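Chemist: Submitted below is the structure of interest, expressed as structure tokens.
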Amino acid sequence: MALRSFCSADGSDPLWDWNVTWHTSNPDFTKCFQNTVLTWVPCFYLWSCFPLYFFYLSRHDRGYIQMTHLNKTKTALGFFLWIICWADLFYSFWERSQGVLRAPVLLVSPTLLGITMLLATFLIQLERRKGVQSSGIMLTFWLVALLCALAILRSKIISALKKDAHVDVFRDSTFYLYFTLVLVQLVLSCFSDCSPLFSETVHDRNPCPESSASFLSRITFWWITGMMVHGYRQPLESSDLWSLNKEDTSEEVVPVLVNNWKKECDKSRKQPVRIVYAPPKDPSKPKGSSQLDVNEEVEALIVKSPHKDREPSLFKVLYKTFGPYFLMSFLYKALHDLMMFAGPKILELIINFVNDREAPDWQGYFYTALLFVSACLQTLALHQYFHICFVSGMRIKTAVVGAVYRKALLITNAARKSSTVGEIVNLMSVDAQRFMDLATYINMIWSAPLQVILALYFLWLSLGPSVLAGVAVMILMVPLNAVMAMKTKTYQVAHMKSKDNRIKLMNEILNGIKVLKLYAWELAFQDKVMSIRQEELKVLKKSAYLAAVGTFTWVCTPFLVALSTFAVFVTVDERNILDAKKAFVSLALFNILRFPLNILPMVISSIVQASVSLKRLRIFLSHEELEPDSIERRSIKSGEGNSITVKNATFTWARGEPPTLNGITFSIPEGALVAVVGQVGCGKSSLLSALLAEMDKVEGHVTLKGSVAYVPQQAWIQNDSLRENILFGHPLQENYYKAVMEACALLPDLEILPSGDRTEIGEKGVNLSGGQKQRVSLARAVYSNSDIYLFDDPLSAVDAHVGKHIFEKVVGPMGLLKNKTRILVTHGISYLPQVDVIIVMSGGKISEMGSYQELLDRDGAFAEFLRTYANAEQDLASEDDSVSGSGKESKPVENGMLVTDTVGKHLQRHLSNSSSHSGDTSQQHSSIAELQKAGAKEETWKLMEADKAQTGQVQLSVYWNYMKAIGLFITFLSIFLFLCNHVSALASNYWLSLWTDDPPVVNGTQANRNFRLSVYGALGILQGAAIFGYSMAVSIGGIFASRRLHLDLLYNVLRSPMSFFERTPSGNLVNRFSKELDTVDSMIPQVIKMFMGSLFSVIGAVIIILLATPIAAVIIPPLGLVYFFVQRFYVASSRQLKRLESVSRSPVYSHFNETLLGVSVIRAFEEQERFIHQSDLKVDENQKAYYPSIVANRWLAVRLECVGNCIVLFAALFAVISRHSLSAGLVGLSVSYSLQITAYLNWLVRMSSEMETNIVAVERLKEYSETEKEAPWQIQETAPPSTWPHSGRVEFRDYCLRYREDLDLVLKHINVTIEGGEKVGIVGRTGAGKSSLTLGLFRINESAEGEIIIDGVNIAKIGLHNLRFKITIIPQDPVLFSGSLRMNLDPFSQYSDEEVWMALELAHLKGFVSALPDKLNHECAEGGENLSVGQRQLVCLARALLRKTKILVLDEATAAVDLETDNLIQSTIRTQFEDCTVLTIAHRLNTIMDYTRVIVLDKGEVRECGAPSELLQQRGIFYSMAKDAGLV
């Protein structure tokens, strides 16, 4: 009564009246309902949102938006609406003053509405000030207000049309005005305002339109339509991609994760410590001393907490970093889940409506509209949820990749050994992807149980306790699923381990491919890879069987639940009739149940995979980091005299291992030149590493003053232009740059590079000779203009002439660096008289230290060494005056030896070999003009081929290739089993509709109940058998395909010529063997199953709808056309985006690989931040392609679900229209199938697109499986006899060589005959073509003209392995592979242990190997990093001694060893290869002075040839080189 008196003065107006609103053919709301509920609903909505929204806006300030016409209009309309509401209020007061009694509601409602309009106007301005361009809150408010007003408007129009109707002119007029203004506000809210002032998007040339899109555009993903149209018209390119939103960039995302991880690590380390007793501090002890007195150590009794340090939780860190944004997805998911159950409830109402012939028609249309609206709301909620999940996943991946990269720059060398390059690449590719995938599913952990509980609740309402039978079936399945999840985790760990090992091995193979080819070891390593792959495939096969059982249980569970529930329902009580309402509402609920039951195991599997990845990532991120603070760095401005001070320092490579350097103490004054000498493995390089803080300092104190530059023993070259390699992030200073180029003898090289210093010099410098690479490395250091220079034997890779030039111009007392502090590790003795201090290393300790003269006077080990190995002509007495003390100018010593060293991996003598350095350094001055000319060239010459994206539709041949890889029988068997499964599913549901239409007999039971139930069960069993069959077939077929495609790729890559590896960045190949192969292994079989399932489900649903309502044939074809068009529209762009994403992924890995190889150089130059920035840019470039692809997915899904919702609408509408001619069973069947079709359509396009985007992996594997191949390895017809070559006679006949078709000749018309057993030296300036000659001999590069004849056999006519097994090389780069030492010597296990030990003894390694705990089984690290360069060179000598072929080639083989070891090696070669033909490329001429002949090469031509003594008499090139080396 109170409410009635509130609504009307006489109390006659109720709030609700069923007869007015429902039981009528012309429904309406009561006046009270209109004035209260319909007026208050929008007010309550806005006031309930206001507190949270105000808080959100106060925390998210995006900038200030200037007042625009749009904003002014919205504000003005807000005020007008307020005025209208208050006009109504004042009118009511006026009426009261006139004695007209009005209901209180006419005072309350306008007041409430007026205040709400003021709030709306306030929010419009607040949003503008906070930079909100389009508001969802406000648009929803105006929409709700309009819908409520629409109901009132309809009522007013109806009442106005009635005869004798009372019209309230003022209130009706204000209402019509109110309605119009609300409509205009709604329309205006659909548009977006301009960007805030100073917004980053204003300056961005290609900003993402999302940030400026309207709310409607954002929820429907309309803002990406422009890109979709562009992609449909022509293939998308990287230039078409938008910039990332600021909040998605690495710059924003990575630091937050890294900082949170650091905090978590600090927390986990903090443990309560209680000091029971601590001795008083000794005041005499120096402050900050790191030495703890032994007695003190004993006295300090510390009782620690008994708990160990807990592991830091990476999950907690990820949640803290990304949780707040991700939590929004909870709301959308909850809304979607609740809306999902509206479908079955409305279906129930529709079936009731069809059964009730008396119900008015408008109710049927109302239910249909309700079904459509609920489906549309469900669509919008679901895809906002997915969007948040995918964006969260993307951010997690970006953060993980960034964190891994940053960590890789910090970890210790010991940690580097425990995490190989392959493992770290997997962390960035596979593991980061696992987190990304999990972000999509993680909400299902709470959502799936919620859906199951709600479904069971509604089923209970429909079928009663019979539902417990279905629950029992589900409970029975739980332990089975749990067991499978545990097994999946086990297999996942095993799979990842095998994959890591395979990627690690492939990395090594790709890094050492040249050595494999020279030794003809490809087959041995192919077998190694295949054995790992076999293990991987075994695990995959077990996983596939598990997946088949899983699919069987997951797909069958909903049917078994339905069958058991229906069976119990009809059998427990004969009067329980399974009518259409019970059956199809239950079936709709069972269909809802199907999804959480299917998805839960997948979620569990995804969580299992992610937990494995989480652990791997946590272990990596928890690795020990280098402690740069262990070395004290001081400013150059600090007044102390010494540049480097080391006091009693002990260093080790890994904690817990014996120290490598012991008790090191020395001081170096500013500007001094210090040489470090000693035998192989004595700790010279380790000393430099210790100064760079690359080693673990056990004790002692080290101080460095100023910045440091470092030139490593193995030159590290970036895949960039020559100029960028030298500048290394510093700005270009033209004059200084030219001076550095001249000093480092690089000017002549610019003449022969296609674009001068802008020429791209390839990954790891593959188109430079060893000497050129080292000079680029040296120039980088010199250009950095640092205070301290650490040189690790840089002069060894160049010939004597260039070495002398570099020493004089750069390192020496008169060089560019004369005022800098320089530490030079060297094996040469010719420069020692000119240095200020010599440090002699022995066994990790400093054995002697002093100036050259002091060490001679001391007559110790150094003096003895000099007397033994200095050139006989050297007059030591004459050198007294030339010894340089501190600050004295020294005169270069002409005689002495220079030990050469060739450094860097994969030395490819490319263009450089077509020219050489001129003999006269004065000519280099004239080459400044060449530098300027080269710099002026606009086009940079490219060596590396970037990973290219294919365009257009994926070729049918790619699908056909995949089908062939699976096997045609398995392919067609799978399709047949899919068909059987879906036919039996359709039949069982149609059978159910017939069952529900069975009329009950007189006693209230159904006559054919048992028969119907038996057939229904039989059809279910048939369905289950088909499911198990196709799951098994697809899984096994997928493994067949994986095996075949990997084998083809591996087979082809190993048979590719060297030119292929020079052009192709290793990142591209690693990407194929890791990410693309993982897609083929794991993704494609799953996608095939889901695609086939979706396709048949859609076809089945359409058939059922057409059977039930044939009139639907009118609407299905047009909707089908819309669907097809949208799908093609999408796939065109999606496919290209996937390709662009794949292509942009390779540079991330390439850059990462490059960084790991040069990490010590990057750290030495303190360039970590620049490299991190470059990595972030590459990751962002990759995400720029990924982000539009996930949005395109949502764009498609929203549009497709709208098509699906239209099918639901028309199926229900036609059922309502035809209700008098349709049975309830058919209506139920038709509408329940139409409810599913939305999901089916969505999945079908998603899966067809996933199919096409994932099959791109097959296309990319195929791309590298069909590249050019080198000549056959074995040719039976022309194979030489086993005794060949018998004498070792080598004949070059008019031989010419070029590296590629488009390049000039590097060897020109060589005509030389070398008799069997001859010892021939090959000499020439750096880049003269010496190594090119050996490449031609091994057919690494095929001849352009002419031929090489060995013992009468033209080598071009025989197989490559026939040739390469019969000749041996000790190459420039001593490459070792991870594995046992024995495997590195004899990968085919052809020789006995005795023979291997003999080879090691002759190579002077027996003592070293015998001292190792595992002897021959000693495990070599990746790249042989746990051996010194000299030891690696000796291992290569041992390989040659094992093979003992008739022809031996030494390519500067003793470069990295000390003079004493070199002498032993030379005598070994002379005695062991006495009857062999030996070709030696030498920079150190004294090693070939006793050879029978010397060939002098210059610019690819033979300039001189004859005995060394003859050539010296000729006074030509050889004479000038010998003079430079101090031999004449």
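Here the Cβ of each residue, glycine as well, is placed from N, Cα and C on the backbone.
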Chemist: Which residue among Asn19, Asn1153, Asn1311, Asn1341 does Swiss-Prot mark as N-linked glycosylation site?
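Modeler: Per Swiss-Prot, the residue annotated as N-linked glycosylation site is Asn19.
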Chemist: Based on the record in Swiss-Prot, is it correct that Arg406 and Lys705 are on the same side of the membrane?
Modeler: yes
Chemist: For which of Asn767, Asn1003, Asn1426 does Swiss-Prot record the feature N-linked glycosylation site?
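Modeler: According to Swiss-Prot, the N-linked glycosylation site annotation belongs to Asn1003.
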Chemist: Of the residues Tyr277, Tyr491, Tyr1186, give the one that Swiss-Prot describes as phosphotyrosine.
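Modeler: Looking at Swiss-Prot, the phosphotyrosine feature maps to Tyr277.
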Chemist: If you check Swiss-Prot for phosphoserine, which of Ser630, Ser882, Ser1265 comes up?
Modeler: Ser882
Chemist: Could you work out which of the binding-site residues (Gly678, Gly681, Gly683) has its C-beta surrounded by the smallest number of other C-beta atoms within 10 A?
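Modeler: Looking at the binding-site residues Gly678, Gly681, Gly683, the Cβ with the fewest others within 10 Å is that of Gly681.
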Chemist: Starting from each candidate's C-beta and looking 10 angstroms out, tell me which of the recorded positions Lys504, Lys684 has the most other C-beta atoms.
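Modeler: The most densely surrounded of these recorded positions is Lys684.
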Chemist: Tell me, if you would, which residue among Gln679, Ser685 (binding-site residues) has the fewest other CB atoms within 10 Å in the structure shown?
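Modeler: Comparing Cβ neighbours within 10 Å for the binding-site residues Gln679, Ser685, Gln679 has the fewest.
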Chemist: Would you mind listing the long-range same-chain contacts of the transmembrane segment (1224-1244), meaning Cβ under 8 Å and 6+ residues beyond its ends?
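Modeler: Counting only partners 6 or more residues beyond its ends, the transmembrane segment (1224-1244) has Cβ contacts under 8 Å with 343-344, 347, 350-351, 354-355, 375, 379, 579-581, 583-585, 587-588, 591, 595, 989-990, 992-997, 1090-1091, 1093-1095, 1097-1098, 1100-1102, 1104-1105, 1107-1109, 1123, 1197, 1200-1201, 1203-1205, 1207-1208, 1211-1212, 1215.
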Chemist: Over all shown protein chains, what is the count of other CB atoms within 10 A of the CB belonging to Val680 (ATP 1 binding site)?
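Modeler: Excluding its own Cβ, Val680 (ATP 1 binding site) sees 22 Cβ atoms within 10 Å.
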Chemist: Taking residues 6+ outside the transmembrane segment (964-984), which of them lie with a CB under 8 Å of any CB in it?
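Modeler: Distal contacts: 1019-1020, 1022-1023, 1026-1027, 1029-1030, 1033-1034, 1036-1038, 1040-1041, 1044-1045, 1088, 1092-1093, 1096-1097, 1099-1100.
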Chemist: Do any residues of this chain, six or more beyond the ends of the transmembrane segment (1201-1221), have a C-beta under 8 angstroms from a C-beta of it, and if so which?
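Modeler: Same-chain residues near the transmembrane segment (1201-1221) but 6 or more away: 350, 353-354, 357, 361, 364-365, 367-368, 371-372, 375-376, 379, 382-383, 1105, 1108-1109, 1111-1112, 1115-1116, 1119, 1122-1123, 1126, 1227, 1230-1231, 1233-1235, 1237-1242.
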Chemist: Do any residues of this chain, six or more beyond the ends of the transmembrane segment (134-154), have a C-beta under 8 angstroms from a C-beta of it, and if so which?
Modeler: 28-29, 34, 38-39, 41-42, 45-46, 49, 53, 120, 123-124, 127, 175-176, 178-179, 182-183, 185-186, 189-193, 213-219
Chemist: Find the average pLDDT over the domain 'ABC transporter 2' (1290-1524) in the predicted model and report it.
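Modeler: Within the domain 'ABC transporter 2' (1290-1524), the model's average pLDDT equals 84.
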Chemist: Note down the number of other Cβ atoms within 10 Å of the Cβ of Cys682 (ATP 1 binding site), including every protein chain shown.
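Modeler: Cys682 (ATP 1 binding site): 22 neighbouring Cβ atoms within 10 Å.
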Chemist: Just to verify a number: CA distance, Gly683 (ATP 1 binding site) to Lys504 (N6-succinyllysine), in angstrom, no decimals.
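Modeler: Each residue's Cα considered, Gly683 (ATP 1 binding site) and Lys504 (N6-succinyllysine) end up 28 Å apart.
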Chemist: Could you find out if DSSP has Lys684 (ATP 1 binding site) as helix, strand or coil?
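Modeler: The three-state answer is helix.
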